[in-house]
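One structure is given here, and the rest of the page talks about it.
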Amino acid sequence: MSCKKQRSRKHSVNEKCNMKIEHYFSPVSKEQQNNCSTSLMRMESRGDPRATTNTQAQRFHSPKKNPEDQTMPQNRTIYVTLKVNHRRNQDMKLKLTHSENSSLYMALNTLQAVRKEIETHQGQEMLVRGTEGIKEYINLGMPLSCFPEGGQVVITFSQSKSKQKEDNHIFGRQDKASTECVKFYIHAIGIGKCKRRIVKCGKLHKKGRKLCVYAFKGETIKDALCKDGRFLSFLENDDWKLIENNDTILESTQPVDELEGRYFQVEVEKRMVPSAAASQNPESEKRNTCVLREQIVAQYPSLKRESEKIIENFKKKMKVKNGETLFELHRTTFGKVTKNSSSIKVVKLLVRLSDSVGYLFWDSATTGYATCFVFKGLFILTCRHVIDSIVGDGIEPSKWATIIGQCVRVTFGYEELKDKETNYFFVEPWFEIHNEELDYAVLKLKENGQQVPMELYNGITPVPLSGLIHIIGHPYGEKKQIDACAVIPQGQRAKKCQERVQSKKAESPEYVHMYTQRSFQKIVHNPDVITYDTEFFFGASGSPVFDSKGSLVAMHAAGFAYTYQNETRSIIEFGSTMESILLDIKQRHKPWYEEVFVNQQDVEMMSDEDL
């Protein structure tokens, strides 16, 4: 379609409509409300990098009309419920009949009640979630032809925290090769080390939330997600894939034709920055080096600021201009802080101990994963907050054990992707030993004829005051890994937190403003936890923590994490000590403790002498 024709299809703006949403959707005029077959408005080029929105749809369905096909489009009926806080429209179910060729947003705007709510919630984002016939959070650009007859949706409004550009537009769908619509679902939280967040809307970035993505047959998976408009822009350039049921991989280049009704997670692969191609002309390469460096630094303001600080620091401290002083300064500034090497004996011991570390996963109201380990006999230990994620919100505690027994599985052999969910154990419908304050929970494996790995408990070993520790777990739901990290002594916790908060504020103030010194008071003086630096974040909760000799000393629980440039970073991480967990079990669950630990001597955990 020519630009001239595109402009001829634009309609006047209804100034009474929500101005924020108008940036993405053209309001429906009274003439359009009475004409179900009205063509769609405002078509923009797909290649326009400005054409992005926060959570609203970016694609309208506007099929091309052939001269021989002049029949009137059929209507489609859906039911709309307004979930708003005032009585006027609260929980009203509205019947909506409109042309199936129109988008959901255009159809909704024919309802006076919806238009009033848009006007009432100016500056907020409208979210539409399917409840019957179609599920999850729906793209407002989806054509009604994709909806089943009689489908039901619920409308809510979310306060927008992002600042949208004034020139944002919506996309037309003139380039589709097929009129057959395919709907599939994407979990709002991605998996993988590099980028956990994949959606723009903060309200959608929660566990259990899923987005209904629509596409047309012949399009690729990457086309569908990038054109959807609700996902972050890195999906256009980075390498990623879809994971189905934790055992099937679909690359983003695959067609969407067979994806109808299926659920996926987005796994983002670590993006490697390609090295610059070698210059054909060495002299030209030399001439361009300085210019290239300046261009790179200009793209990263924080890098430029930090480099200027380092240079200024060198100028202040370098009083003696000799090579020895310069070497000492470099060694002090950039040298390693903590030795993280281990003897071969300890490494071999850790490999043996890793056999008892399990990948715990579930599929209930939500899906998720965590880490656990064999504690004693058939009993495994994990974090209490993991149980909260498994059972979901609003469930009676009396039903927790049943839910756990139905949906939780554990495998100890997940060291390669093919072994992710093989040879697993179910757990008993039993949930009695736990503590929310210390964040631990004991579950019991259900015997199935497989050999249970050796128990890791072999007495109480005090946590090290400093030095090196090892964490074994499944961060981000990935294959089993070991992380060697440094203990932050209790006396240095407050100072370390303060230093890191200040440094993060200087680097990226908008990302760490939610943390203050008060945020860390709960762990700064808490003797029941051990603090350390680690790159184990989501999915590693419940990982055993070993000292430098291979003795079990704690269980990794949580940390103060934040997201910067789509990457997860941390101020400080911590875990509950085994000494505190055992003492709490002995005091609060004495009968169980005596039954399970009777006649067990408090001997040291396996050490390198056992090899």
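Yeah, the Cβs are placed from backbone N, Cα and C, and that goes for glycine too.
Annotation comment: Swiss-Prot describes 16-28 as motif 'PIP-box', evidence class experimental evidence.
Annotation source Swiss-Prot lists SUMO2 cross-link at LYS20 (among others), citing a large-scale study or a structure entry.
What Swiss-Prot records for SER26 is phosphoserine, and it gives a large-scale study or a structure entry as the kind of evidence.
Taken from Swiss-Prot, the feature SUMO2 cross-link covers LYS30 (among others), and the record attributes it to a large-scale study or a structure entry.
What Swiss-Prot lists as region 'Disordered' is 44-73.
Sequence annotations record features per position, and here Swiss-Prot assigns SUMO2 cross-link to LYS65 (among others).
For the region 'Interaction with SV40 large T antigen' (336-611), the model gives a mean pLDDT of 80. Summarising the annotation, Swiss-Prot assigns region 'Interaction with SV40 large T antigen' to 336-611 and lists experimental evidence as the type of evidence.
According to DSSP, HIS385 (active site, charge relay system) sits within a helical segment. Counting Cβ atoms from all protein chains shown, HIS385 (active site, charge relay system) has 17 others lying within 10 Å of its own Cβ. As annotated by Swiss-Prot, active site, charge relay system applies to HIS385 (among others).
The active site, charge relay system annotation in Swiss-Prot covers ASP439 (among others), and the record cites similarity to another entry as its basis. Its Cβ placed at the centre, ASP439 (active site, charge relay system) has 23 other Cβ atoms within 10 Å. In the three-state DSSP scheme, ASP439 (active site, charge relay system) falls into the coil class.
In the three-state DSSP classification, SER541 (active site, charge relay system) falls within coil. Sequence-distant neighbours of SER541 (active site, charge relay system) (same chain, six or more apart, CB under 8 Å from its CB) are ALA370, THR371, THR382, CYS383, HIS385, VAL386, HIS556, ALA557, ALA558, listed in sequence order. According to Swiss-Prot, the feature active site, charge relay system maps to SER541 (among others), an assignment based on a curator's inference.
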